[in-house]
There are 2 protein chains.
Amino acid sequence: MFDNKDKTNLNELGEFGLIEYLTKQVELTQKSSVKGIGDDAAVLDFSNYKTLISTDLLLENVHFDLRYVPLKHLGYKAIQVNLSDIYAMNGMASQVTISIGLSSKFPLEAVEEIYEGALIACKKYGVDLIGGDTSASTQGLVISVTSIGYAETDKIAYRSAAKEGDLICVSGDLGGAYVGLQLLEREKQIFLENPNIQPDLEGKDYIVERQLKPEARKDIVELLAALEIQPHAMIDVSDGLASEILHICKASNVGCKLYEEKIPIDPMTYETAREFGLDPTVCALSGGEDYELLFTIPQDDYDKVKGQLDISVIGHITEASAGYQMISKSGNVHDIKAQGWNAFKSEE
Amino acid sequence: MFDNKDKTNLNELGEFGLIEYLTKQVELTQKSSVKGIGDDAAVLDFSNYKTLISTDLLLENVHFDLRYVPLKHLGYKAIQVNLSDIYAMNGMASQVTISIGLSSKFPLEAVEEIYEGALIACKKYGVDLIGGDTSASTQGLVISVTSIGYAETDKIAYRSAAKEGDLICVSGDLGGAYVGLQLLEREKQIFLENPNIQPDLEGKDYIVERQLKPEARKDIVELLAALEIQPHAMIDVSDGLASEILHICKASNVGCKLYEEKIPIDPMTYETAREFGLDPTVCALSGGEDYELLFTIPQDDYDKVKGQLDISVIGHITEASAGYQMISKSGNVHDIKAQGWNAFKSEE
């Protein structure tokens, strides 16, 4: 994973030294960031906007496997995963905090790599790192990120606001992150059996990146604003399409009808799923970690989205009594069930 | 620690089931809590106030030892520790998020206990639990708390605002949490050697509570407002008085002179420290976890604080070139050095 020769031991720096060392490169760019790192709490000014807050906990060997996740990517992904929750409210992310717990097996350079990846994500998305905590861990690596954003009151898209007749839309494509994970898992097994074999990920860049380096869809929030579309309900696809559409339907007390043929799946995702003997649609429905945005819009907005390459209309909202249905490519009706990624099942 | 017989396995509930189960008792009471748990992000409204954010990561066997920390106390303390950071800005805490990572050795009832303690703290301090994350952990227990609060712009007390001539004040008394920890550690060792011996904490309630069940000093923030005192610099005492006063001095580019005889130490702390062969003043300076507030006020405010039992004036701010000094009871001058609790040193 990394070579500890010539590396700096964390104990030499101490907690404050580490924080100072890591944060000296942090700059504040957001107008709302009044005070960042360096006091008991950060100070923010959202004046007339609502404040949005979301938090995630990422644990080694549960949410990531350091045998194939580079630390810089991990830092990057930890931020993206969290920003995605702010965009899923149709808001703009403006700040993050990142707390890291790590055992002494990690040298300073390892923490630096996580931070570097996190800061690249912050810079790319225009958010300020305003706080956090760094601590020893007697076990594995622990990362906790809180993201903060803002939105005008009437722009916020709750899960509960889907309406009968709404079109169901999703950004980008689905299933790639899950198939990418299968690929990485396979290469890990091969590597564990014979460490001399180099991973064969040739030509699979897209799906490997979908897993290791997801991008939160800030651009979709901006696109919807530019198209003058106010989404009714919105959620990010972290646990798979099935789980997310059920969240929206249950929170909104509505039903849904999805069309399998409309679910956007990248050709590489499709082919690689097939190589693994997986149904690509199941990967999209239950795979998770795609961090696309799933949202509903009024039917009248159809003309605004139909020419958009990055938005697919995949179904519509029905009355609650119609249930949660998917029409397969062959025309059969299936009930949609949540089989999203379950952190507790990973231990079974 | 707890008996797993007849307990509910976490796997049976799954992540969403667990969140639903734990959060059904959560109520929102703050005017600023627009939307709490149940969407991608919480929505808050601070209108004309500044938003304050602070976050902490608590890791098993680094920040707490489950052999003597009851889970309910742990949940309570996790919240208090974090609220303390908001009060240390001279602000009011209004919301918290709590994320918990836990291995399958914990039954549902264990998580419930943590939550119960956290919710007792929330209720007592009038803050809303608005989000979080619950996840499996392949290792120990991980708790991450983010606290959110608000303050009027000109009321916020930064670390960097101490001025030459300011009086240095501290709330409550110091060293108790550290001495309480020594007591718990001793009883743990005795218990490990002979599990039939019951812990002997008789008559030591105060210092054991200081360690296990600290109280953030919301009341001091309210008291200062009632006394019409605007503190210049403020910080909470989490790492010991020495470390905290140095934070203020360095951030404010000033020096300080503390008087050992003025440092408030409870008689029980004093006596128990002596029993352990510890210098009570060193416990106050370097012990940490007292979660009192350390702040500086203009000299003109002396009359306002001198009759307050819960506020001690322990010294004054000097020019930077005078350094960081403590005058001992015998009149000797000592340099103040930070020997605060260091999370990384705990592993050495």
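Every residue, even glycine, has its Cβ placed from backbone N, Cα and C.
TrEMBL annotations: computationally assigned, not manually curated.
The annotation in TrEMBL ties A:ASP40, A:ASP85 to Mg(2+) 4, and of the candidates under consideration, A:SER54, A:SER94, A:SER99, the one tied to the same site is A:SER54. With respect to A:TYR115 (ATP binding site), the closest of these binding-site residues in Cα terms is A:ASP40, chosen from A:ASP40, A:ASP236, A:ASP239. Under DSSP, the residues of the domain 'PurM-like N-terminal' (A:38-150) split into helix, strand and coil as follows: 35 helix, 44 strand, 34 coil.
Not a single one of the binding-site residues A:ASP40, A:ASP56, A:HIS63, A:ASP133 has a C-alpha within 10 angstroms of the C-alpha of A:SER238 (ATP binding site). In this structure, the C-alpha atom of A:HIS63 (substrate binding site) lies 11 angstrom from that of A:ASP56 (Mg(2+) 1 binding site). In the three-state DSSP classification, A:ARG159 (ATP binding site) falls within a helix.
Counting Cβ atoms from all protein chains shown, A:GLU289 (substrate binding site) has 21 others lying within 10 Å of its own Cβ.
Take the CB of A:HIS63 (substrate binding site) and look out to 10 A: across all protein chains shown you find 25 other CB atoms.
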